[in-house]
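Let me begin by presenting the structure, written as structure tokens, before commenting on it.
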């Protein structure tokens, strides 16, 4: 049995399903390239049949990724499989992942078929996928609530049809570790041709068991773990990549000889990138990547750490690429110093625009005095999300709030190269007043669906990041703004979203013109 645990990352497929607004193709590619540097073996990057946008994303990522296998999901249907293959065909190496529900509840209530029908559909789907690639994965959806006899039967049939990986997912996070381990053990021992395929596991976290179930499965013979960065995913999320990887690495007394190809020093950086781009804050006490994961506030713990780090630290923060902050970046620091800090955090030159980052850094340093590594990181991420063709930009903003009176605001923006000013009175607070002014200037019909403020750093001069989701003509758009002033960061978030709307409208107009021709 192989000693390498295959890491199958599904952040861009299963993880993205949890987001309030879809990622752009550019953002998905940025994450995919980061996952490649992280060392994931397989990345599942979309469901091409679901939309033209998903097809484009899968195709774009497939074209750029060279060192990881690119995978796309499809139902056990010819159309799905053909479209997935079409999106993936430009890839250096690719996998088609096809699935069908196998639990009695799903078979009878959703599919309205017999289990015999389901087995035959699985066989035909695998055979169809094998026309395009010799790397085919088959999944038994809701295997956690499927009888073991039926799991073994359909797994054997799928392998015989040509599946090289068989996935036994706990789709609704129903299983406890002992149950799930037993399922994997029985599949290993009862399926006669199991030696011709890799057993994969895909666990959800509805009962908080995703990581435990995945690790128990490995102990019982599974050799692929399907997971996401930060555990993002539908409902309570998926198995967190960073948790299973670091558990295997840290507990070699249990997982003797087993390892992954993950470059663990990239974990912190990729975790932060996914959190920022997906607008999914990381809870402070999140294992491995939370801000408190390596914090020790108890006096007894601090004393022990000073004497010997191993007293309360089972892994080094440097192992996941977490560097200690330095307080020596000021407005007097040069470009080389900024680049040095970015290098120390693991960023490569093509991850960000140094000229733009340095200009933003100088503005922030003038306001804050000292600039921390996490400030640079936030500025770099925000810059990555800005479009090259922004029509709207913020110039001047002031707001005033007097007790028991509506808030007022003055906003000056540049729209298509022209400076436009607007005064707004009657706002329900300064942010509302500023938003009213911006919407009056742009004459944009927008519904605010989500507003979230996150502090980036510590103290009164911490950066405030505002993430919003707005709806315009039935579509959702994400905006993000960063500033030391909450009102300014809120304004920048709205302007970011409006620029996204302008670009979407421009694309729609171009498509409409092309069709009319």
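Cβ atoms are placed via backbone N, Cα and C, with glycine included.
Small disclaimer: the values here were computed from a predicted structure and weren't measured.
Database features (Swiss-Prot):
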- 5-268: domain 'Pyruvate carboxyltransferase' (DOMAIN)
- 14, 202, 204, 238: Mn(2+) binding site (BINDING)
- 393-517: region 'Regulatory domain' (REGION)
DSSP-derived structure type at residue 202 (Mn(2+) binding site), helix or strand or else coil: strand
Sorted by sequence, non-14, 202, 204, 238 residues with Cβ within 8 Å of centre, Mn(2+): 10, 169, 171, 203, 210, 226, 227, 228, 233, 234, 237, 239
Residue 238 (Mn(2+) binding site) in three-state DSSP notation: strand
Sparsest-packed of the listed binding-site residues (202, 204) - C-beta count within 10 angstroms: 204
DSSP three-state assignment for residue 14 (Mn(2+) binding site): helix
Cβ neighbours within the same chain of residue 14 (Mn(2+) binding site) - under 8 Å, at least six residues apart: 44, 202, 226, 228, 233, 234, 238
Around the Cβ of residue 238 (Mn(2+) binding site), the count of other Cβ atoms that are within 10 Å: 30
Local confidence of the prediction over the domain 'Pyruvate carboxyltransferase' (5-268), expressed as mean pLDDT: 96
